[in-house]
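According to TrEMBL:
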DOMAIN    5-152  domain 'Sodium/calcium exchanger membrane region'
DOMAIN    182-334  domain 'Sodium/calcium exchanger membrane region'
TRANSMEM  6-23  transmembrane segment
TRANSMEM  35-62  transmembrane segment
TRANSMEM  74-91  transmembrane segment
TRANSMEM  103-121  transmembrane segment
TRANSMEM  133-152  transmembrane segment
TRANSMEM  181-205  transmembrane segment
TRANSMEM  211-229  transmembrane segment
TRANSMEM  241-264  transmembrane segment
TRANSMEM  284-306  transmembrane segment
TRANSMEM  318-335  transmembrane segment
Amino acid sequence: MEYPIIALVAGLISIYYSADYFIETSAKIANIYKVKPLIIGILILGFGTSAPEMFVSGLAAFEEHPGLSVGNAFGSNIFNIALVLGITAIIKPIKLELKNIQFEWLILIAFTGIAGFLLLLDFDPISFDGSLSTIDGFVLLGLMGLFLWYTFKESKKTHHEFDIPSSNTGSEQKWKLWRDLVFWLIVLVGSAQMIVISATYLANYYHVSDLIFGLTIVALGTSIPELAVSVRGAVRKQHEMVVGNIIGSNIFNTVAVLAIPALISTSDISLISTSDVSGLWPTYSVFFLDFGVMLFLTVGIGLFLFVPGIGGKKTHQISQVEGIFFIFVLIVYLSQRLLLL
């Protein structure tokens, strides 16, 4: 039994470092080909910190474990806010200008609501199916396209310096960078494979559904890049980067990562799981508990940032007390989830 656990830990460590090198190499290649700086930031940082979730979800769906994919998307969003933003605020209260992040937060709220609508009603007002279909996957993918279009449009209005030194790179150096990119991509896929195989084995061994395992253990592991980036940002007082990293990553998770299993899986993905019933929760507990907590935390970011009066604050910030509150919500959520393991 120790071997699957070792494989899971090794996979999580490997996917963290390989994602980091994949991001760095991609940024260098983008710089060589004169890609706009802000677009580099969006594609590399936005995609990069969500790369583990995307690869794990894609591999899990391809191997007919869509529950692990959906659980990974939901769970990662919960951990990103409650754990990552909570710890970051405890280290250093997060202060920022609202105009720089407010619209992106509203986009995240809207996308989260649409994802919930697709899960809850699936375009049928009298149907409560709790599933994701292929059509739902295309809708979510379309939302991702709209978000990228908006971001590219905004990039034309302002110019930002991206922290990558420019250089006259020869053909040999270009070949080396492309070789490294392919190598780290292979390592990413292999790491995701280790996580999926070991996680599904452990889930079967302990009689836990793929969905629940994805919501907890796998989601925690794939949120490591967001935690690392945010803690570094907090120490350097880069508050906008911290909140932007979380909001951007959660947008990718909500639409892109959630769309992957819906598009790859050969059948509709049901969030009804017999292991979720067990006399403790109703049939649709996965939707009401996990999606509900995710939505609650997403709204909470806005309340803490955009309403100065909460907690006696006079500035727009997420305070240390509110960071502790996020951690408390996570503990309560996990205590309920662990009852089902």
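Numbers run from 1 along the shown chain.
Note: Cβ is positioned from N, Cα and C throughout, glycine not excepted.
TrEMBL annotations: computationally assigned, not manually curated.
Since we're looking at a predicted model, the values are computed, not measured.
Looking at which of 6-23, 181-205, 284-306, 318-335 has the most CB pairs under 8 Å to the transmembrane segment (74-91), the answer is the stretch 318-335. Segment contact holds for the transmembrane segment (284-306) and the transmembrane segment (103-121), given three or more CB pairs below 8 angstroms at sequence separation of 6 or more.
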